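Trainee: What TrEMBL records for this protein is below:
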type	residues	note
ACT_SITE	152	active site, nucleophile
BINDING	207	substrate binding site
DOMAIN	245-347	domain 'Pseudouridine synthase I TruA alpha/beta'
REGION	411-433	region 'Disordered'
């Protein structure tokens with residue numbers, strides 16, 4: 001039935017119910033018929049029965065009118081392409097995978113359209129799929145949007161998690177993905193508690209860094225090109241150095257504008273190791289995995305960069321210990337190309353809510369196969385092809401012979417650069433790597 005047909009039916013019911021009677025407050029005003037024009041006044045009992053019937057008629061007509069009007073409003077909203085007004089918003093999390101090439105990071109830059117980010121395309125897809133109203137896309141705070149980690153320019157993710165409030169429309173994942181480019185996919189959705197915040201509830205984050213193994217070739221006695229193959233001895237050396245990062249250390253030299261005495265510079269690393277190498281398109285690669293509670297801007301890239309410099313023979317192993325002290329150390333920063341956010345962890349949330357019968361644990365076991373397929377289709381090929389054509393790792397390695405590890409920020413940046421004092425530094429502990 002169309003909107004015009006519903007309105008016509010409502011007016012027909014109103015005319016059939018007799019003359020209009022005003023409604024006073026929550027009750028209908030029912031008046032008995034008046035005597036006149038020679039008509040005899042009916043007995044009191046008959047008048048009461050007649051009034052009761054009239055009152056019932058008015059109530060029934062009014063109730064029918066209200067129901068018909070509500071149906072007309074619902075029909076109009078559906079004809080306009082909007083969800084019904086009473087469809088409630090629910091707090092959910094989305095498991096997001098993306099290849100960061102061509103994007104200026106994850107986080108949306110409000111009011112700036114010059115640099116496209118992952119969240120720009122994601123929010124647009126949420127609006128176009130009918131999950132959020134358009135004004136929520138303009139002001140993301142209205143949908144309580146939060147991401148687990150702010151990934152930097154060019155950095156990819158296989159397991160980013162964002163929390164937000166949406167209308168749970170039918171086939172929601174298919175609808176959102178239909179409005180996203182192929183290099184961004186929503187792999188999963190789960191309902192969470194109303195106060196859930198993906199950044200604050202995240203216990204730890206796991207990243208991996210994929211690099212060609214010639215980055216570990218010693219500067220004096222190994223070939224420095226893609227014909228190099230990582231030996232078992234060198235892999236053990238790499239893992240011994242990476243294991244030194246485990247535990248709590250002062251990482252003020254592994255980021256920018258952090259003083260050595262700032263409490264937020266101390267970070268806890270749960271694990272860090274290099275996996276067995278593999279060959280793709282004639283070039284050997286290896287993957288370094290690191291799990292930590294949280295990371296500062298550029299921290300992981302500098303952790304990798306320092307180990308590479310030591311293995312290649314450009315810095316002594318003692319440089320690791322010195323970098324955690326109060327002295328200023330200019331730690332080399334590896335390229336951003338190979339860095340990928342692989343997984344985020346919610347152990348405490350899962351212990352409290354994961355088995356309460358109302359919420360699912362946030363472990364994403366069912367989505368692992370799809371996440372692995374996305375890495376094979378979009379992330380690994382992008383890293384390999386970009387390294388082959390742009391040679392970002394090879395170009396960065398060429399700077400290590402002249403890198404001065406003892407250079408201060410002032411010397412590295414220039415004489416006119418203002419250096420923050422040891423007690424100054426940037427605030428906020430969000431991930432940017």
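Placement of Cβ uses the backbone N, Cα and C atoms for every residue, glycine included.
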Trainee: Measure from the CA atom of residue 207 (substrate binding site) to the CA atom of the residue listed as 'active site, nucleophile' and give the result in Å, rounded to a whole number.
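Mentor: Taking the Cα atoms only, the residue listed as 'active site, nucleophile' lies 13 Å from residue 207 (substrate binding site).
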Trainee: On the DSSP side of things, how many residues of the domain 'Pseudouridine synthase I TruA alpha/beta' (245-347) fall into helix, strand and coil, could you say?
Mentor: 27 helix, 34 strand, 42 coil
Trainee: If you count other C-beta atoms within 10 angstroms, which of the recorded positions 152, 207 is the most crowded?
Mentor: 207
